[in-house]
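J.: This is the feature table in Swiss-Prot:
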BINDING   TYR18, CYS61, ASN66, ASP100, LEU101, SER139, PHE140, CYS156  S-adenosyl-L-homocysteine binding site
BINDING   TYR157, HIS160, TRP161, TYR362  theobromine binding site
BINDING   ASN178, ASP260, PHE262, ASN263  Mg(2+) binding site
SITE      HIS154  site 'Involved in substrate discrimination'
SITE      PHE266  site 'Involved in substrate discrimination'
SITE      GLU337  site 'Involved in substrate discrimination'
Amino acid sequence: MELQEVLHMNEGEGDTSYAKNASYNLALAKVKPFLEQCIRELLRANLPNINKCIKVADLGCASGPNTLLTVRDIVQSIDKVGQEEKNELERPTIQIFLNDLFQNDFNSVFKLLPSFYRKLEKENGRKIGSCLISAMPGSFYGRLFPEESMHFLHSCYSVHWLSQVPSGLVIELGIGANKGSIYSSKGCRPPVQKAYLDQFTKDFTTFLRIHSKELFSRGRMLLTCICKVDEFDEPNPLDLLDMAINDLIVEGLLEEEKLDSFNIPFFTPSAEEVKCIVEEEGSCEILYLETFKAHYDAAFSIDDDYPVRSHEQIKAEYVASLIRSVYEPILASHFGEAIMPDLFHRLAKHAAKVLHMGKGCYNNLIISLAKKPEKSDV
């Protein structure tokens with residue numbers, strides 16, 4: 001099965017769907033001030049036609065309510081900054097393209113658009129028709145838009161996904177080189193780490209090269225991804241998956257060879273690795289780059305009347321459901337659908353232990369980029 005066929009969130013609106021489990025998380029809340037600053041710089045740059053129509057794309061938009069929460073933040077930031085800057089008497093039209101792979105459940109987003117437009121008019125005063133939302137399916141490691149046609153490109157929790165599993169794991173090191181893990185975890189061998197870093201470098205360089213061409217000169221990108229900081233990082237969602245899969249092997253429910261022959265196309269770069277790639281590629285300048293922590297259950301609330309122990313268990317089940325909604329399609333394609341309930345039941349147990357220890361944070365990186373002006377524009 002082709003990777004792009006399984007690299008998507010759980011579809012529909014069922015109990016394990018991304019639409020039901022995703023919510024406005026801490027990462028989105030943390031990103032919003034950076035988003036406003038990025039929009040402010042964008043409006044001041046006086047790009048072509050920006051006072052009439054701002055063209056925006058959300059790359060790797062996923063599906064469900066979170067997609068439109070991101071869109072809402074973008075629209076609110078444009079309107080807020082525009083009002084503060086007193087750019088125009090009339091608001092510009094905003095054209096937003098939602099991008100993800102062809103298998104993404106775009107229909108779950110389209111169903112929400114009528115109510116989203118009405119809410120936007122009621123709360124923001126934006127008349128229906130002044131914000132135009134459409135889909136642009138396809139891999140963001142390929143061309144999506146005409147050259148110099150976009151003002152702002154946004155991506156949250158997407159660029160850590162690779163275009164493919166690193167080929168070096170199979171070609172140079174052989175099947176089973178990454179024993180005991182599904183990704184480039186802290187404990188994996190240096191050659192595995194290098195294979196993943198090489199693939200990320202190749203993919204992120206391609207991403208920057210292609211999409212910088214699609215931006216107007218001095219256009220902006222704002223990218224957020226999961227990252228690593230040091231060897232003391234707390235377990236991230238993929239570490240919890242590693243633990244749960246290894247439990248199934250110990251219990252005899254899964255063959256060890258199944259794990260050793262599977263690697264997920266996901267890489268958590270360091271801030272320095274991202275910085276070096278941007279500087280080496282050369283089409284964009286870094287305006288700011290920061291890291292921050294987000295908690296697994298930051299978006300989850302529960303009645304205080306529940307016992308503390310119940311709090312932890314319910315939160316752990318929420319964490320397991322959220323992780324399941326993101327990773328189940330690609331995991332089920334290799335390990336089989338039948339084992340999924342057992343896998344995520346064990347993941348919930350590990351999540352409960354992590355939460356009980358007062359841990360459960362993962363590191364995030366946010367980077368704001370500006371396309372360097374052409375020599376003729378300087």
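Keep in mind that glycine also has a Cβ here, set from the backbone N, Cα and C atoms.
From a predicted model like this one, the values you see are computed outputs, not experimental measurements.
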J.: Counting across all protein chains present, how many other Cβ atoms fall within 10 Å of the Cβ of ASN263 (Mg(2+) binding site)?
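T.: Looking across every protein chain shown, the total is 24.
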J.: Which ones are near HIS154 (site 'Involved in substrate discrimination'): of the binding-site residues ASP100, LEU101, ASN178, PHE262, ASN263, which have a Cα within 10 Å?
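T.: Cα within 10 Å of HIS154 (site 'Involved in substrate discrimination'): none.
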J.: Restricting the comparison to the binding-site residues TRP161, ASP260, PHE262, ASN263, TYR362, which residue's C-alpha is spatially nearest the C-alpha of CYS61 (S-adenosyl-L-homocysteine binding site)?
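T.: Of the binding-site residues TRP161, ASP260, PHE262, ASN263, TYR362, TRP161 has its Cα closest to that of CYS61 (S-adenosyl-L-homocysteine binding site).
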J.: Counting only other Cβ atoms and using a 10 Å cut-off, which of the recorded positions ASP100, ASP260, GLU337 scores lowest?
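T.: Result for the recorded positions ASP100, ASP260, GLU337: minimum number of other Cβ atoms within 10 Å at GLU337.
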J.: On a C-alpha basis, identify the one among ASN66, CYS156, HIS160, PHE266, TYR362 that is nearest to GLU337 (site 'Involved in substrate discrimination'); the candidates are the recorded positions.
T.: PHE266
J.: Have a look at the binding-site residues (ASN66, SER139, ASN178) and report the one with the fewest Cβ neighbours inside 10 Å.
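T.: Among the binding-site residues ASN66, SER139, ASN178, the sparsest Cβ neighbourhood within 10 Å belongs to SER139.
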J.: Using PHE262 (Mg(2+) binding site) as the reference point, find which of the binding-site residues LEU101, CYS156, HIS160, TYR362 has the shortest Cα-to-Cα distance to it.
T.: HIS160
J.: Tell me, by DSSP, whether ASP260 (Mg(2+) binding site) is helix, strand or coil?
T.: helix
J.: For ASN66 (S-adenosyl-L-homocysteine binding site) and TRP161 (theobromine binding site), determine the Cα separation and express it in whole Å.
T.: 18
J.: Can you tell me the three-state DSSP label for TYR362 (theobromine binding site)?
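T.: Note: TYR362 (theobromine binding site) is in a strand by DSSP.
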J.: Can you name every residue in this chain, apart from TYR157, HIS160, TRP161, TYR362, with its Cβ inside 8 Å of the center of the Cβ atoms of the recorded theobromine site?
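T.: Output for this site, in sequence order: SER158, VAL159, CYS225, ILE226, PHE266, THR268.
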J.: On a count of neighbouring CB atoms within 10 A, which of the recorded positions TYR157, PHE266 is highest?
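T.: Sorting the candidates by Cβ neighbours within 10 Å, the top entry is PHE266.
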J.: Far apart in sequence but close in space: which same-chain residues, 6 or more away, have a Cβ under 8 Å from TYR362 (theobromine binding site)?
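T.: Spatial neighbours, sequence-distant, of TYR362 (theobromine binding site): ILE226, ASP233, GLU234, PRO235, ASN236, PRO237, LYS293, ALA294, TYR296.
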J.: Given SER139 (S-adenosyl-L-homocysteine binding site) and TYR157 (theobromine binding site), what distance in Å do their CA atoms have, once rounded to a whole number?
T.: 15
J.: Quick one: Cα separation, PHE266 (site 'Involved in substrate discrimination') versus ASN178 (Mg(2+) binding site), in Å?
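T.: So the Cα of ASN178 (Mg(2+) binding site) lies 14 Å away from that of PHE266 (site 'Involved in substrate discrimination').
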